[in-house]
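S.K.: Sharing a structure with you now.
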Amino acid sequence: MEQTFIMIKPDGVQRGLVGEIIGRFEKKGFSLKGLNLITVDRPFAEKHYADLSAKPFFNGLVEYIISGPVVAMIWEGKNVVTTGRKIIGATNPAESAPGTIRGDFAIDIGRNVIHGSDSVESARKEIGLWFPDGPINWQSSLHSWIYE
Ligand code: ADP
């Protein structure tokens, strides 16, 4: 079953959105396979966002991510990478539809509350970086009520 890496950014934690965000993924039917409240240091944040190192907003992005604790998660389910991105909404909250997390809870692109892997390959890399011990191995007993 597909897995994705989801992170509630420091603004999401500070604003008390952790329960709301976890609830949206749970209610959809996805399974939580890893969960960690963690403050990361600069080299770690730079590694996570290495693909964006040439962008003009890179330093500000790293400052933002290390500014407080984040909630790192592994979520599992059919098409969870693509569907997770839909639940999150567009990168710029101004372009995120109402009903998405960024559409409902964010205004500025640099304070957009949540991260989600953009492909199965980046999910694999990000899960490896944030969860070196891998996911927690369990199966929801609701499986046959969610999948045909
Ligand atoms: P996403 O998080 O939707 O996958 P990107 O990978 O393009 O988007 O960018 C990573 C993060 O960098 C964004 O979520 C946002 O926090 C920040 N970011 C992207 N573009 C900008 C920008 N123009 N100005 C400030 N921050 C930005």
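In case you wondered, yes, glycine gets a Cβ from its N, Cα and C as well.
Caution: TrEMBL annotation is automatic and unverified by curators.
Positions annotated as domain 'Nucleoside diphosphate kinase-like' by TrEMBL: 1-138. Sequence annotations record features per position, and here TrEMBL assigns ATP binding site to K9, F57, R85, T91, R102, N112. Taken from TrEMBL, the feature active site, pros-phosphohistidine intermediate applies to H115.
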S.K.: Between all pairs in K9, F57, R85, T91, R102, N112 (listed as ATP binders), what's the biggest Cα distance, rounded to the nearest Å?
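M.R.: Output for ATP binders K9, F57, R85, T91, R102, N112: max Cα distance 21 Å.
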S.K.: Taking only the Cα atoms, work out how far T91 (ATP binding site) lies from the residue listed as 'active site, pros-phosphohistidine intermediate', in Å, as a whole number.
M.R.: 9
S.K.: Inside 10 Å of the Cβ of R102 (ATP binding site), count up the other Cβ atoms and send me the figure.
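M.R.: Other Cβ atoms found within 10 Å: 23.
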S.K.: Within 10 Å of the Cβ of N112 (ATP binding site), how many other Cβ atoms can be counted across all chains shown?
M.R.: 24
S.K.: Taking ligand 1 as the reference and 6 angstroms as the Cβ limit (strictly under), which binding-site residues among K9, R85, R102, N112 are close?
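M.R.: Result: N112.
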S.K.: Only counting partners 6 or more residues apart, tell me which same-chain residues put their Cβ under 8 Å from the Cβ of R85 (ATP binding site).
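M.R.: Those within reach of R85 (ATP binding site), by Cβ under 8 Å and sequence separation of 6 or more, are G116, D118.
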S.K.: Tally the residues of the domain 'Nucleoside diphosphate kinase-like' (1-138) by DSSP class, grouping H, G and I as helix, E and B as strand, and everything else as coil.
M.R.: 65 helix, 26 strand, 47 coil
S.K.: Report the nearest neighbour of H115 (active site, pros-phosphohistidine intermediate) in space among the binding-site residues K9, F57, R102, comparing Cα positions.
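M.R.: Going through K9, F57, R102 one by one, the closest to H115 (active site, pros-phosphohistidine intermediate) is K9.
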S.K.: I'd like to know which of these recorded positions, K9, H115, is least surrounded, judged by other CB atoms within 10 A.
M.R.: H115
S.K.: So what sits near F57 (ATP binding site) in its own chain, CB-to-CB under 8 Å and at least six residues off in sequence?
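M.R.: Counting only residues 6 or more apart in sequence, the Cβ neighbours of F57 (ATP binding site) under 8 Å are G110.
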